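Notes to accompany the following structure.
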């Protein structure tokens, strides 16, 4: 087969569907990645317009441009959109687009999950922005502190929009995070050991891992606050044993890692682009990987530095202050690795490099003010002033926006296959750079002079007029800069001259394919012996196109890509990926129905949409698997490996592992909340106690253990094990029923005191997982009968075992926590 | 940046030190960047980059030293400006609400939106709120402290001269947030006696 024939064969297999149906059924990571990037850029523009409104309002004292209510919605939505609808989706979009291409894979691990994430993001983001149009947008600040955001002080729908919209978008973030981790671990080129991965993959691995553990506290907080608003369960109400500070802990447990979740992918792009611009290799690969991992861990230990003024004891503040200062060290290692790389090489001032110089300038200043704010006494003075506003814009624009602009110029020739038209990019840079510094540099001073955040006006006597006017002028300069950038990108996409392949002379795999990239990425999959395979072998692109790599021959119309052993990168199995599907958009629409009904307070209709979600997921899972043995497959290097139907440790298994890690984090946060309220909140212990549910606990433990044991015995070996599967279902069913009985028969009412509210929520969590596990076991029964689960194809049963084990474990923990709590009160 | 109390003055000192350090460090980075680009134009060089110099000394050792010094200084300072074991000269209960501030003195008197204190005395404030979260802040006297419903926080302030100081709510508390301000009047000995005797 020649290169043209191979191209035609693969293109036919990997093509999306035509027309409108294709818009909804697309699963290709290249398409979905571009959609994420474009949509998040549009949200950036919307939030940017809001920022311009803020600057117009603050340009003079006693401005009558907008009133306090509109202003509250504007600043809340500016922050919320920038964080949740721009920064996170943008980094996801870039990673979704780039990762398989950098790793030498043909797609991500779960193409339909990519699409589900996209639709959840689009629908959730649209709900939030739509609320702005009708004047019902969230208005309690982007971190939505209760009681202000609670049912009493925000009776309208405003906070619900935030809680439901952001949670909807977080579903998308969790999908992306799980998918990214599994892809990096399993879908790499043959021979790409972990220490040969492109540095960007390390950064994204750390980021996605942080998302898996960082987002669940926020999701939990949002669920609790929404329940408090909808049903009056007093998690955050100090009159009834709740505490507003619990929200702050849950929010910043997410919110601080979030800053690094945003920064690390940008730093990954910097570490990728700088060596190419300097025409050398990155120095200190190992030290950088170590410092990225250190940042990922440390960032979970310093959320309290957002709460230095909430009256936390001095020694605890000292600890968190030291931890906050400590994160400067891994950051500094990276910065000096980049400087050393530039020093060692022969840097050329290409356009991406110009934006990176902007990054260095802005981010260094933001980092230094960050160290200042980590110091408790200074923080207590500068907290909640314009100084903090200035600091966070220096960090986030410096640490994310400038690197992303550099990345846009660096990878645009890859996305479009074209070169840029005129030197508009330089003009845009200077407008953005100068405008940014004019806007925010002065705000440090405004803040030190005592101007708080979030004021819609200020007295003329304060003497802040000229500083604010200068900031506003800078803001509008920046806006022109971003408009010019958008124009430049559009011109490049439509009018640019075709670029030759690999215009920057980079060494990574994404430049070995045609540009714009074909749907299948690589005509044949590369084998890798170093970190820069293209740099080591200049003919790699042509060799792969000729089919000298792996999986070169289209087979059975399958979308094949290679899965490797996690550490060594040895071929492990061939993954056969699903094609276009309407299931993701159907699932997202069902979720959307649920969130819309919650928003409209139609609480009795909302669960119907969750049933719809379940049905869609059932159908989705039904499309996987194979009824027939497939047998070993040739991969093109003279060896054979099994297909994923007959392999162990498939992406499905790992995806479940990480999904359960996320759920476990949510569960852990809930137990933390329980302990926190118990020890810190006023009005504890509650008036109404709880008799220890010892009998129920016995039944729950028995049922859970039975389920966990019999699901193992039902793993297909020789017999078909249907009877054992029935016993497993019976055990899980018993656990489920007993859990369901607890709120009815035992627990105090959830509306009277936070004790009842939290313990009922704990039971509800256990119940949810017991239901999932029961459904999965029922599904396994069907799959066994249909022949998808059989000797040699036990993969689905292994995944089911994970979910059953987890449900059994949580049910037991829930029961034990209740017993302990009962003894405690 | 015109401190009028020991706490605010100490924080101002801290700020000038940190500013000086920041100027030096950012200057170092910008000079390295500039030189790296200037060097690039010169002839081919074969010297391999020294990871020990760039990562070990500049990346690791330098920030460790600088940050340790800063932390020690700050922890010491933070301990000094807390309500210490030495008894305060006066304790006032502060209650924030939408949208006002009430100050209750030991003799049971309450003043609205104006906190009267003697100058040159250590005042402990016991701060809470009745509805949403607010934050007590008098920029020229001390750092801020949140007023949280259901929780009680303490803050020590001291004005080293008589005068009137503006205070604001620093945590967004709803549409009245902008005007949620108050005043602190620090009296000299004589007028403090007048305040104490003048029962309202």
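Start at 1 and count along the chain as shown; that gives each residue its number.
In case you wondered, yes, glycine gets a Cβ from its N, Cα and C as well.
TrEMBL tags one of the stretches A:36-54, A:55-73 as transmembrane segment, and that stretch is A:36-54. Between the transmembrane segment (A:390-412) and the listed ranges A:36-54, A:74-99, A:199-225, A:466-491, A:602-621, the one holding the most Cβ pairs under 8 Å is A:74-99. Confidence annotation: the domain 'Cytochrome oxidase subunit I profile' (A:8-529) carries a mean pLDDT of 95 in the model. Between the transmembrane segment (A:199-225) and the stretches A:36-54, A:424-446, A:466-491, A:653-678, it is A:653-678 that has the most C-beta pairs under 8 angstroms.
Panel annotation: around the transmembrane segment (A:574-596), residues 16-17, 21-22, 24-27, 106-107, 109, 111-113, 115-116, 118-120, 122-124, 127, 164-165, 167-168, 171, 186-187, 551, 558-563, 606-610, 612-613, 616-617, 619-620, 623-624, 633, 635, 641-645, 650-651 of the same chain, lying at least six beyond its termini, place a Cβ under 8 Å from a Cβ of the stretch.
For the transmembrane segment (A:653-678), the list of distant contacts is 109-110, 113, 174, 177-179, 181-182, 185-186, 212-213, 215-217, 219-221, 224, 235, 241-243, 246, 249-250, 253, 684-685, 754-755, 758-759, 761-762, 765, 769, 795, 798-799, 802-803, 806, 810, 813, 817, 821, 824: same-chain residues at least six beyond its ends, Cβ to Cβ under 8 Å.
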